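Reviewing the structure listed below.
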Amino acid sequence: MGNAESQNVDHEFYGEKHASLGRKHTSRSLRLSHKTRRTRHASSGKAIHRNSEVSTRSSSTPSIPQSLAENGLEPFSQEGALDDFGDPIWVDRVDMGLRPVSYTDSSVTPSVDGSIVLTAASVQSMPDSEESRLYGDDATYLAEGGRRQCPYTSNGPTFMETASFKKKRSKSADIWREDSLEFSLSDLSQEHLTSNEEILGSAEEKDCEEARGMETEASPRQLSTCQRANSLGDLYAQKNSGVKANGGPRNRFSSYCRNLVSDIPDLAKHKMPPAAAEETPPYSNYNTLPCRKSHCLSEGATNPQISLSKSMQGRRAKTTQDVNTGEGSEFADSGIEGATTDTDLLSRRSNATNSSYSPPTGRAFVGSDSGSSSTGDRARQGVYENFRRELEMSTTNSESLEEAGSAHSDEQSSGTLSSPGQSDILLTAAQGTVRKAGALAVKNFLVHKKNKKVESATRRKWKHYWVSLKGCTLFFYETDGRSGIDHNSVPKHAVWVENSIVQAVPEHPKKDFVFCLSNSLGDAFLFQTTSQTELENWITAIHSACAAAVARHHHKEDTLRLLKSEIKKLEQKIDMDEKMKKMGEMQLSSVTDSKKKKTILDQIFVWEQNLEQFQMDLFRFRCYLASLQGGELPNPKRLLAFASRPTKVAMGRLGIFSVSSFHALVAARTGEIGVRRRTQAMSRSASKRRSRFSSLWGLDTTSKKKQGRPTINQVFGEGTDAVKRSLEGIFDDTVPDGKREKEVVLPSVHQHNPDCDIWVHEYFTPSWFCLPNNQPALTVVRPGDTARDTLELICKTHQLDHSAHYLRLKFLMENRVQFYIPQPEEDIYELLYKEIEICPKVTQNIHIEKSDAAADNYGFLLSSVDEDGIRRLYVNSVKETGLASKKGLKAGDEILEINNRAAGTLNSSMLKDFLSQPSLGLLVRTYPEPEGGVELLENPPHRVDGPVDLGESPLAFLTSNPGHSLSSEQGSSAETAPEEGEGPDLESSDETDHSSKSTEQVAAFCRSLHEMSPSDSSPSPQDATSPQLATTRQLSDADKLRKVICELLETERTYVKDLNCLMERYLKPLQKETFLTQDELDVLFGNLTEMVEFQVEFLKTLEDGVRLVPDLEKLEKVDQFKKVLFSLGGSFLYYADRFKLYSAFCASHTKVPKVLVKAKTDTAFKAFLDAQNPRQQHSSTLESYLIKPIQRVLKYPLLLRELFALTDAESEEHYHLDVAIKTMNKVASHINEMQKIHEEFGAVFDQLIAEQTGEKKEVADLSMGDLLLHTSVIWLNPPASLGKWKKEPELAAFVFKTAVVLVYKDGSKQKKKLVGSHRLSIYEEWDPFRFRHMIPTEALQVRALPSADAEANAVCEIVHVKSESEGRPERVFHLCCSSPESRKDFLKSVHSILRDKHRRQLLKTESLPSAQQYVPFGGKRLCALKGARPAMSRAVSAPSKSLGRRRRRLARNRFTIDSDAISASSPEKEPQQPAGGGDTDRWVEEQFDLAQYEEQDDIKETDILSDDDEFCESLKGASVDRDLQEQLQAASISQRARGRRTLDSHASRMTQLKKQAALSGINGGLESASEEVIWVRREDFAPSRKLNTEI
C-alpha cells in the first residue's frame, strides 16, 4: 500500500525526442518550525486496491481497468495481481503509477490566479532526489540498490531517454503554496533549490559520473522490469511519435501545442500532431488556456513491458504549482528593486530536474522580490515557461549549470513555505530579497479560532525579534541584539502578510509607535517600532509588497493602474449591492408571509456580508495605492461605518472596534480562511474544522457534500462509464457564472465550494490508510495535520470512536516493516510513512499502592480535556521513577475510571482526594503492547534530515491554550497543561536586546548579501525607468506633519458633529419627554451645552490657525510649519482651563449605566432609543455618543505628541509643543482626579444642594467643573455637639466657584447593632459623613488672624456670615493647613471666588462670560485675551483712573491663564503673581510682548509671525506712550536661552505684563471695530534691555 503520487503525466506530445511533462500541486499553509523534513517514501502494503486509484479531475478520465486494457493487460489479471497483500515489496510487481492528478479548469477556480496549471515532469523524472539517498540500499525495492545512476553531467546535459534509476524525490515536490504565493519550478532552479540533497551535501555529484557513459546511447532501448523511467521520454522512447492517447487525437491539446510553437520560436523545431479543426488565439488567455485531462501514467502506453516498469511506483508527492508563469516574470508587480532581462526568461530551466550540483559557499540570490519582470514582445512567453522547459529538457544538450542561478522572483520570496519543518526550501525562501528589516517587538492580538470566530489571543506577551519582510512573508529571527543576522540565519517564525492591512495604533495605552497587522487568515498582530518614521516605513513596505502580489495575480505590470481599475470596479459592485439591499428591505416591509420574509432576510444578510467584503477590499486597495504613491492612508472611520450589526456585535464581544478587528472578522468567514488551519500545528477535532473540506475519497456515502465523488464501487466495479457519470459536470455546474466573474475580478471574495473543490490543484495528495477490519481507503494529510486531527477525521467518517483507537504509521526501513506511534500533537505530514493504520486501543486495570516511604509518589500528570461536551482525563506525562511507570502507565493513556468512579463525573477536588489516597485503582485505555516481530521506531524518517522535536509544536507562537491538569505527585496541587491550541503568540526563549545597528543599516546589509552573490541574470534596463518608483518613496517628516495636522482637524470636525448630533438626537427630544427626571438628564448630559459651545469655538481656533499658511499642502520642510504649530499649540495652552469643563461630564459618566438600565423596564424609553437609532448601529447608540467626549479629551495629548515628535528638538516650536503637551496632560490628570472625588463625595454634594432652604437656592449646583481646590485641613474648633474627639478632626475642604464645602468622613467601621429593652434590635443606618457644611460665596468671608506667627503656623479663619432673614448665626471655622504653602494655595482659591463675586456684583451679571473668542496669532481673536473692546473710536479720551483700575481688574480676571497673584496676609492688596507660575504663564511671558503692538493699526492676520524685516522694523519704530514704554521695558522678555534662564522677578514681570494687557483694554475701548490687534514672536522685537528667565 503506498501513498498515491500527486504527479501524473499526459501523453500529448510525441516526437523523436519526447517531452517530460509534470504536474504541479499546491498546498495551503505557511508554517515554519524547528522540525526538519524529508520526503516520504513510497508506501507499501496491501495490493488489491493499489492499482485502482483514479483521478477525480476529469469527466473523461478512464478507470484503472480500462487503462490496463489499453496497455494490453487484463484487468486484475494474474500478472498484475499481488499474491501477498501485506508484502512489503509489492511495488516490485506494480507497473501502474496510481497517482491522482489535480485537474484544473480555469472556469472553476479563476479567482486563484486565473491561469492554467501545466503538468510538469512527474516525480519519477526528478533524478537524484533524497528518497534514493534515504532508501539507497533497498535492493528489494529498487534495482541495483547500492548504485545510483545520474543521467546528466554537471554541465547540464539532457535526460537520457533510457536509464535505470532509483525512485527519486524532486525538490519541487517539497514546495507548496497558497493561492497567491507561488513558487515556480524555475524559481527552484536556484542552486539552493535544485533538490533536497543539494543543501545537505555534494556527495551526489560522484554519481553523475556513472551516467556520462549512457549519454551516448543514440537509440532508445527498452526499460527492464526492474528499471525506472525518469521522464515521459523514458516511457515512450520505445515508440515512435504519433501515438494517440486514449486511442484518438486530442484536438484541444493539439491545437494548444501548435499555437504554443507559433508563439515560442524555440519550440518550432518540435513536430506537432495535426491541428484540430478548432483554433485557439495566438496568445491564449490564462483563463482559457486548455488543460490536459488527468489520467493514470499507463494510459497510452502500448508496451506491456513498459507497464511493468519500476518507474510507476505509487507514492505521495507534493509539488509546486506555477499558476501565473514559469518565472512569474512577465507580470512585474510594482517595479520595486529591479528585475531580470528578457533573455533571462528564455535561458532559465529548472535544474531541479536535469542537473545536480552543490551550491558554492556564500552563493545567494540576486533579484527582486517584487517579481523578475520582462517587458516587450517576449514578455508573454513566460506563461508557457514550464511547458517549454519540459519539452526542451529532452532536446537541448547545451544546458549550462549556471543557468540554475536565475533571478529570484517574488514567487519564491513570497511563496507559502512548504511545511512546518525548516527544510532547505524554507531556508532558501528566507534568503529572498529583503524589502524591509528591523528590530520589532511583537505581540499577539487576535486569532482566528474554530467556527470562524475571532478571539483575543490568550498568550499576549511582547517579544523582540529581528523581523525581515521578504516578498509577502514576515520572517522572525532570534538574534543576540548585537550582530544582526546573516544569510545563514534561520527564521524561528513566519507570518504570511499577503492581502493584509496595516494600521497605526496611536491610541495604545502603554506603548508608542505601535502598528497592527491583520492578514487574510483572520489573525492580527501588534508590532512596536523604535520611531514614527520606522512605523511609517513598515506600513509602506508591507502594503507595497501586498500591492505587488495583487498585480501578479492579475497578470498586470502597471500596479497603480490595476489598483485604480479594481477600486472603480469595487465601487460599482458596492453601488449595485447597496441598491439591491435597499430593494430587499423595501420588499421586506410589504411581505407578510413568514417563509418569504425569512428568504428575503437571508438574502439581505448575504448582501450585507458582500458589502462588508467589498468595502474591506476597497479600503485595502486604497491603502495599497496610498503606500505606492506616498500619500495619506484612507480614513478608517468610513470603513467602520459599513460594519453590519452582527459584525459590530462580534467586535463588541472582542472589545476592539477597529479596522484590524473588522478585517479579521471578515477574513474569518471568507473562503481564504480554508488555509488557516494549515498554518498552525495544533490539536483540533475534525468536527471543528469548518474550513477544511471532507478529504476522504472513494468512500460509499450518500451525503450531499460527496455526491460529486466516485464511490468505491464505481471505481472498482462499474468501470469507466460510472466514473465518468460520477464526475460529469462537477466542475461546470457547481459554480455559477456570476460567481466566476466575481472571482476573476476580486480573488479575495472567492469562497470555496466543498462540492466542487475535490482535489483541485490547491489541495494535496491522498494517502492510504487501513481500518481495523483491514478495509483500505484514502485520506488527505495536509501540512499542519497532527495525528489527532487525522485520527478524528477518519474515525468520524467511518463512525468509529476516536478515543478508542489510535493511529500507527507503517515504515519500510532496510527491507523491514517497522511501526511508529506518533504523539497526538505530532505533525505526521512530516513523516515518510508508507501507510496509516487505525488500530483499536485496549483497556486494562492498573492498581497502584504507595508504601510507607515518604518519597513514594504516583508520578504521573493528568490533563482534563473537554471534547464535544464530554470530559476526558488523559495521562499527560509519567515520571520514570514513579510508581505509575512501574505499573505500565504510559503518557497518552486515557483514564476511564478512578477507584470505580467514572472519570467524566469527577471534578478537580475529587481528583485531588483520589490522588492523595494511599492506593489508586485505574481503568485505562491504552496502546496494546507490540505484537511479536513488530518493531517500533523511535526516530522515524522525516522529509529533511535533522533533529526532530516531537513534543514541541513547530510554531510555538501559534499554539497554546491553558487547560486544567492535576499533578498526582502533589495531591493538593494543581498544575496547568496545554489542552488545545489557542492562537498566535509570538514567543521566544529569551528577550533580545536592541540591535546596535540601525534598522536601515541592517536592511541594507541584508540586501547586500544578495548583491554580493553572482547571478546569471542582469537587471532589466526597463526597470531603471520603471513608472513605479513612487513605491519606494517613504513619507517625509513634512508629509507626516501635514498628515497629523489634517488628522487633528478632521477628527475635531467629526467630534463637533457628533456632539451636535447627541444634542439634537437625544438631549433636546428627551427634555420634551417624561421618561427621565431632570436629575437623570443631568447625569446623562451634564454640561453638554457648554461643551458644545466651547468645542465649536475651539474648532474655529484650530481652523484659523491652519489658515495662517495658505499653501499648507505645498510645504516641504518642517520649519515651514512654524506658524501653524505655534498657533495649534497656543490654542491648547489658551483653552487649557476651559477643557476642565469635561471634569463634570466625566465625573457623572459613572452614573450613566444606572440611568440607561431603565430602558430595560421602561418600554417607552426603550422605544424612544430605538426610534433615534433606526438602523441599530452601535456607533449611533446613546452610550456610544456619551463616551465620545471622554475619548476625545484624552486623545489630544497623543496628537500633540505626534506633532512634537516630528519637530526639530532644537526648535522653539518643539519647546512650545512640549509645554502644550504637559498642559493637556495636567488637564487629563485633573479630570481623573475630579472623577475620583465625585465618586467619593458626589452624594454629599447632592445632599447639600437639596438641603438648602428658601425660595431661591444660593448654590444651584456643585459641579466638578467648578471645583478649584481640594485639600485636607485640621478643624481646630469643632463644636461640642458633635461629641468628644480624641484629636482634632480632619476635614476635606472643597473650594468651588460658588461655595466652600467642608466634610468630615468617619473612617471607623460600621457600628454594632443597638439593643434596647424597650425596642427590637435594629441596625443604625451608618453614615460615614458625620459632618458636612456648605458656605455659599455670598456668605463667605476670610479674616486675618491677629497672631503674628499665624502664617508660619498655617492657620486661617473662614467665616460663614450670619443671615437675619434666614435666622442663621455667624459661624467661624479655624482651620489649620498641612503647611504654609498649602495655606497659601487655599487662601488663594478662596480669594479668587470672592473676587469673582465682587465682579458679578459690579457688572450686575449672574455668571462669567463664557465665550472667549480667541485664537493665538489671530488678530481680532486676541481681543478676548486682552479684555473687552467695545466698538468705539480711539479718538475718545482715555477713561478715568478709577475706571481704568476697574477695567484692569476685569481684564486681568478674563485672562484665562491663571493670573491671580494673592497676598495671603492681606486680601485687600493688589494680587501678586507667585514665583511658581505655571507653564502657561511662562510661555506667554517668554514668547510674546503684548504692549509693543497696542497702538499698531491696519495689521492683517497674514502678517503674524511674518519674516518680513520691514514689517518688523515698522513695528519696532512705532510710537508708544512713555508710561507704556516703561511698562514695556519692564515686561519685555528676551529670547529664550536654553539653560541660562532664571526665575528672578518672574512675578513682578508677569504682573506688569497683565497690567499692560489691562491698559490695552482701556485704550482699546475707543478703537474702531475694524482694527486688529496682532501678536508676534518676541524674538523679532528684542528690546535693548533683555531679561533672561528659565522655565
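Cβ from N, Cα, C; glycine included.
Values in this document were obtained by computation on a predicted structure and should not be read as measured data.
Annotation comment: Swiss-Prot describes 20-49 as compositional bias 'Basic residues'.
Residues or ranges marked as compositional bias 'Low complexity' in Swiss-Prot: 53-67 (among others).
What Swiss-Prot records for 367-376 (among others) is compositional bias 'Low complexity'.
Sequence annotations record features per position, and here Swiss-Prot assigns compositional bias 'Low complexity' to 1014-1028 (among others).
Taken from Swiss-Prot, the feature ubiquitin cross-link applies to Lys1404 (among others), supported by similarity to another entry.
Annotation source Swiss-Prot lists ubiquitin cross-link at Lys1420 (among others), citing similarity to another entry.
As annotated by Swiss-Prot, domain 'PH 1' applies to 434-549, with the evidence given as sequence analysis. Per DSSP, the secondary structure of the domain 'PH 1' (434-549) breaks down as 21 helix, 49 strand, 46 coil.
Here Swiss-Prot flags 765-832 as domain 'RBD'.
Residues or ranges marked as domain 'PDZ' by Swiss-Prot on the basis of sequence analysis: 845-908.
In the predicted structure, the domain 'DH' (1040-1234) carries a mean pLDDT of 87. As annotated by Swiss-Prot, domain 'DH' applies to 1040-1234, with the evidence given as sequence analysis.
Swiss-Prot lists 1261-1397 with the feature domain 'PH 2', giving sequence analysis as the kind of evidence.
The N-myristoyl glycine annotation in Swiss-Prot covers Gly2 and rests on sequence analysis.
Sequence annotations record features per position, and here Swiss-Prot assigns phosphoserine to Ser231 (among others) based on a large-scale study or a structure entry.
Marked as phosphoserine by Swiss-Prot: Ser356 (among others).
Under the heading phosphoserine, Swiss-Prot lists Ser358 (among others), citing a large-scale study or a structure entry as support.
Marked as phosphoserine by Swiss-Prot: Ser695 (among others).
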Protein Cβ atoms within 10 Å of Tyr829 (phosphotyrosine), excluding its own: 30
Range from 434-549, 845-908, 1040-1234 with the greatest count of C-beta pairs under 8 A to the domain 'RBD' (765-832): 845-908
Structural state of Tyr829 (phosphotyrosine), classified by DSSP into three states: helix
